[in-house]
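Taken from TrEMBL as is:
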type	residues	note
TRANSMEM	12-35	transmembrane segment
TRANSMEM	47-71	transmembrane segment
TRANSMEM	92-116	transmembrane segment
TRANSMEM	122-142	transmembrane segment
TRANSMEM	154-175	transmembrane segment
TRANSMEM	195-213	transmembrane segment
TRANSMEM	225-247	transmembrane segment
TRANSMEM	275-299	transmembrane segment
TRANSMEM	320-339	transmembrane segment
TRANSMEM	345-365	transmembrane segment
TRANSMEM	372-389	transmembrane segment
Amino acid sequence: MKEEIQSEFKGRLGLATGILLIVTVILGSGVLVLPGLVFEKIGRDGIYAWIACSLLSAPILITMVILGRAYPNTGGVAYYAKLALGQYPESLVALLFLGATLLGLPSIAIVGAAYLQKLIGASVDIHLLATLLILLAAFFALSNGETLSSGVRLVGGSSLFLLIGTLFAMLVLAVQANGVGFSRPSNFSSIAGQIPLIFFSFTGWEIASHLSADFRNPRKNFGRAMFFAFILVCSTYVISAALVHIASIKTNFNTPIFQAAAQVAPSAPGWLVPLLGVSLIAANLFGSVVAVSRLVLYLSGRRFLPASLGYLPNGAPRNSVCFVAASLIAIVVCDKVGLLDIEMMFSLAGMNFLAVYVISAIALVRLRRGMVSWLLAAAILIPSVLIILNATSSLSYIASTALIAYFLNRSNRTRLI
């Protein structure tokens, strides 16, 4: 069944559309918020924290490129774990990944709803707006082939063009007003202290690994698309941090782009930043729903999820997209009634991703032997394990996930192909 689904699913993405889709998965609303929070705490050293995080995320990117090119599959990291370590790690990665995305994406939708509320100027319930954003993302994700490529160009292209164009224009105005005043980093410990705050802005390469099968020629274009997307994402974050740095904002650190615009372009319309937030998050949700639906497609073939979710009418994974959208909306409803809260959802999602990184590093060493693999694995394992061990409150959550994966694997062992 798994092989049948994989053979029926035909990738149609080229290099350019692949780059855009990966960027939409990685680049979120943090670019509009976090540069100001970092600048408030460490001032002009803030930009160096962003450069450091770009370098720290490179081993994760390279690992996903190596594995994605060698083993293109909708299962992504779960598939790599199965090849390297067996069925139980596959089950564990699947649960960790679904837990991270199904908790993290509704949180992002709620943040986007707050921007949308400001944009339309109406007192519509924020959870209703979050649901509408999820449904919009699912609508575009329902397509396949050239229709999906068109959706990527429309949603991802317009969002990225608007963001980079706005940031670049304001950066030019800031340079004209204040000049360029960069200096050497003054406090390395303060810079290091900000890395945990912004590191998760660079996560998502493991989500993008599920998109390798969407490429027409994954062995040729997937790695290139990932590297170009990495350059675009890191450049965008650094430009945003440079804008805050050069504009030297004095207040509103939680809305730094708005404050920078008020200082260097006071005539800029008030709806500009909310529009940026809505377009960024809409694109991020779209790309993420596409990627997560590919994992659901894979898991249906592995019998971890109902086989009906692997149905591909005209080659489009519509059932898996609908399943993802319904799950995200259910989490939004849980937040609405008070069963979950956005801060807890972000925290749990972050710990899940770190656990996935650990398994990815081990899979890399098992599948692609050599000194490069060992160095990459060490660069991922050491910081990931240290962060997980410091977040003791999340260890019980990861342990319970591992226990559930164990029983799930036992109950499905006789049915797995």
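The backbone N, Cα and C atoms fix where each Cβ goes, glycine too.
Ranked by the number of CB pairs under 8 Å to the transmembrane segment (275-299), the listed stretches 47-71, 92-116, 154-175, 345-365 are led by 92-116. For the transmembrane segment (122-142), the list of distant contacts is 105-106, 109-110, 112-114, 116, 148, 151, 154-155, 281-282, 285-286, 288-290, 293, 316, 318, 321-322, 324-325, 328-329, 332-333, 335-336: same-chain residues at least six beyond its ends, Cβ to Cβ under 8 Å. Counting same-chain residues at least six beyond the ends of the transmembrane segment (12-35), those with a Cβ under 8 angstroms from any Cβ of the stretch are 46, 50, 108, 111-112, 115, 144-146, 148-149, 152-153, 155-157, 159-160, 163, 197-198, 200-205, 207-208, 211, 214-216, 221-222, 224-226, 228-229, 232-233, 236-237, 240-241, 243-244, 254-257, 273, 276-277, 280-281, 283-284, 286-288, 290-291. With a cut-off of 8 Å on Cβ pairs spaced 6 or more residues apart, the transmembrane segment (195-213) and the transmembrane segment (320-339) reach fewer than 3 such pairs and are scored as not touching. For the transmembrane segment (47-71), the list of distant contacts is 35, 38, 77, 79-80, 83, 182, 185, 191-192, 194-195, 198-199, 201-203, 205-206, 208-209, 212, 218-219, 222-223, 226-227, 230, 234, 237-238, 241-242, 245, 357, 360-361, 363-364, 367-368, 373, 376-377, 379-380, 383: same-chain residues at least six beyond its ends, Cβ to Cβ under 8 Å. For the transmembrane segment (92-116), the residues of the chain that approach it from at least six positions outside its boundaries are 28-29, 76-78, 81, 126-134, 206-207, 273-274, 277-278, 280-282, 284-285, 288-289, 292, 295, 299, 304, 324, 327-329, 331-332, 335, 340, 342, 345-346, 348-350, 352-353, 355-356, 359, 398, 401-402, 404-405, 408, judged by C-beta separation under 8 angstroms. Within the same chain, residues 20-21, 23-24, 27, 31, 140, 232, 236, 239-240, 242-243, 246-247, 257, 260-261, 263-265, 268, 272, 275-276, 279-280, 282-283, 286-287 sit at least 6 positions outside the transmembrane segment (154-175) and bring their C-beta atoms closer than 8 Å to a C-beta of that stretch.
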